[in-house]
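Chemist: Mind having a look at this structure? Questions to follow.
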Amino acid sequence: MQSKEHGSIAISDSPPDPPAPPRTDDGAAKEIDGQENHPEEGLTIQRPKEDAFAWLQVLGAFCLNLNTWGLMNAFGVFQTFYQLDFLRSYSASSIAWIGSTQAFLLFLVSLAAGPIFDRGHLKPLLCVGSVLLVLGTFLTSIGSQYWHVFLAQAAMTGLGFGCLYLPAPAVVSQYFHESIALANGVASTGSAVGGVIFPIVFTRMQLQIGFPWAVRVLGFILLGTSIVVVAVMKRKTPPPAASRSLVDRSAFRDVPYILLNLGLFFGFMGLYVVFNYIQLLALSRTDVSPALADYLLVIINASSLPGRLVPTYYADKIGSVNVQTAVALASAVLTFSLIAARTAPAVVAVSVLFGFAAGAFMGLPAAAVVALSADKSKIGTRLGMTLAFVGVGVLISNPVAGAILGSDGNWVGLLAWAGALLAASSVSMAASRVVKVGFGLTRVL
């Protein structure tokens, strides 16, 4: 830079410095025209444009949720069929290990899928997961013994779930900011749609063409939706230059994040007890007809559809953790109320309300983790950590419930177990909120 002296005035030949980024009165970041300015750090972060291509990613995530959570939420019809027919020589607890292992692998494999996604390997995750899912389903159709079904439906399909689930919220979170909870909620409705379609298809087809071809029909549905997923889904942000570990160590010092994980751990444990046993419960201790009992799981999953949309819309305004705390408490109350439900109208009414609350609970974890994660580049890793931790609870919950049920049908004990878990979930998430933002009821988190 050169300058010339004119009397007491110095004139510079260099261009003037750019204007300072806007600041709030307290020096914090200020948002203008889709940008987030951090003057104290010299950073400007471009907000994602929530355009048509972004919503195309929601379509892909919808199909992923249909193929993973939707099929997993339908396991209750398999539990009933296996226990009353195909694997009737095995206990309820033994059969429950198939569904719980499947769910556990969805959560556990997500621990590895998170860093893999963060490193930019989305397509390999989608392709490998889709092959495992479809192949595992077709192999289930030719199983004739317990261990055949366990290896195909629990192990292989579960591994496919683990590769496929995490990309759904992780990709959507890259394309949305203002409407992130709503976008993830819309995507998560795939779980509800799958939870409606798969039980109906399996029940109808099993009666008409038998178990093997009924399962193959499910396999063809999964194949078609997997093609859509691979075709449309794409990362938005480039992978970081530095490699990521399987674990974000800073998370172990993040108390609100830890408490949220505890809440999700207890919550999913409790929810899946009801999902897996509602049909057997109705057949064993209520006056619900067998025809209606076949559709109780469908009713729960159908009711979860508005539950994934309405609460997630408000979660963008009042906070994901706040809403999730409330629906966990509602789920606990409804689970305890099943103890007193003995008539068909009562069971159906509780199932509808429970499905709504459960849908909201299952649709919000990703947005809650994002809300508690300061470093957005580690969202994939943190989601993977959360899912792996939750998976341990899902693995043991239904077999424990089956052991509580026993051969004498201790349904009160089973429902008390599930209700207590959901109550503990609500308390843990409320504690997470208090630690993060305090006791103020109007504070968004």
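Here the Cβ of each residue, glycine as well, is placed from N, Cα and C on the backbone.
If you look up TrEMBL, you'll see 1-43 marked as region 'Disordered'. What TrEMBL records for 23-43 is compositional bias 'Basic and acidic residues'. The feature transmembrane segment is assigned by TrEMBL to 53-75, 95-113, 125-143, 149-168, 180-201, 213-233, 254-275, 321-341, 347-372, 384-405, 411-435. Among the features that TrEMBL reports, domain 'Major facilitator superfamily (MFS) profile' is placed at 53-445.
Distances, neighbours, how buried they are, the whole picture for these features please.
Modeler: Residues 68, 72, 75, 78-79, 82-83, 87, 125, 149-150, 153-155, 157-159, 161-163, 165-167, 246, 272, 276, 380, 383-385, 387-392, 394-399, 401-402 of the same chain lie 6+ residues outside the transmembrane segment (95-113) yet bring a C-beta within less than 8 angstroms of a C-beta in it.
Long-range contacts of the transmembrane segment (125-143) within the same chain, counting only residues at least 6 positions beyond its ends with a Cβ under 8 Å from a Cβ of the stretch, are 67-68, 113, 116-117, 149, 151-153, 155-164, 166-167, 211-216, 218-219, 222-223, 226, 229-230, 233.
Below 8 angstroms of C-beta separation, residues 60-61, 64-65, 67-69, 71-72, 78, 82, 87, 97-99, 101-110, 112-114, 117, 122, 125-126, 128-137, 139-140, 143, 187-188, 229, 233, 380, 383-384, 387 of the same chain, each at least six residues beyond the ends of the transmembrane segment (149-168), sit close to that stretch.
Sequence-distant contacts of the transmembrane segment (180-201) (same chain, at least 6 residues past either end, Cβ-Cβ under 8 Å): 50, 54-55, 58, 61-71, 73-74, 76-77, 168-169, 172-173, 214, 217-218, 221, 294-295, 297-298, 300-302, 304-305, 307-309, 311-313, 315-316, 320, 359, 362-364, 366-367, 370.
Remote same-chain partners of the transmembrane segment (254-275), defined as residues 6 or more beyond its termini with a Cβ less than 8 Å from a stretch Cβ, comprise 73, 75-76, 99-100, 103, 297, 300, 321, 324-325, 328, 331-332, 335, 338, 354, 358, 361-362, 365, 368-369, 372-373, 382, 385-386, 389-390, 392-394, 396-398, 401, 414, 417-422, 424-429, 431-433, 435-436.
For the transmembrane segment (321-341), the list of distant contacts is 260, 263, 267, 270-271, 274, 281, 286, 307, 311-312, 314-315, 347, 349-350, 353-354, 357-358, 360-361, 364-365, 368, 371-372, 411-412, 415-416, 418-420, 422-423, 425-426, 429-430, 432-433, 436, 444-445: same-chain residues at least six beyond its ends, Cβ to Cβ under 8 Å.
Away from its own ends, the transmembrane segment (347-372) comes close to residues 69, 169-170, 172-173, 180-181, 184-185, 188-189, 191-192, 254, 256-257, 260, 264, 267-268, 271, 274-275, 278, 282, 286, 288, 292, 296, 299-308, 310-312, 315, 319-321, 323-324, 327-328, 330-331, 334-335, 337-338, 341, 379, 382-383, 386, 432, 436, 445 of its chain (Cβ-Cβ under 8 Å, at least six residues beyond either end).
Under 8 Å from some Cβ of the transmembrane segment (411-435) lie the Cβ atoms of residues 255-260, 262-267, 269-271, 273-274, 277, 281, 284-285, 319, 321-322, 324-326, 328-329, 331-333, 335-336, 338-339, 372, 397, 400-401, 404-405, 445, all in the same chain and six or more residues away from its ends.
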Chemist: Counting only residues 6+ away from its ends, which parts of the chain sit with a Cβ under 8 Å from the transmembrane segment (53-75)?
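Modeler: Result: 98-99, 102-103, 106, 130, 133, 157, 161, 164-165, 167-169, 171-172, 175-176, 183-184, 186-195, 197-199, 202, 218, 222, 225-226, 228-229, 232-234, 275-276, 297, 301, 362.
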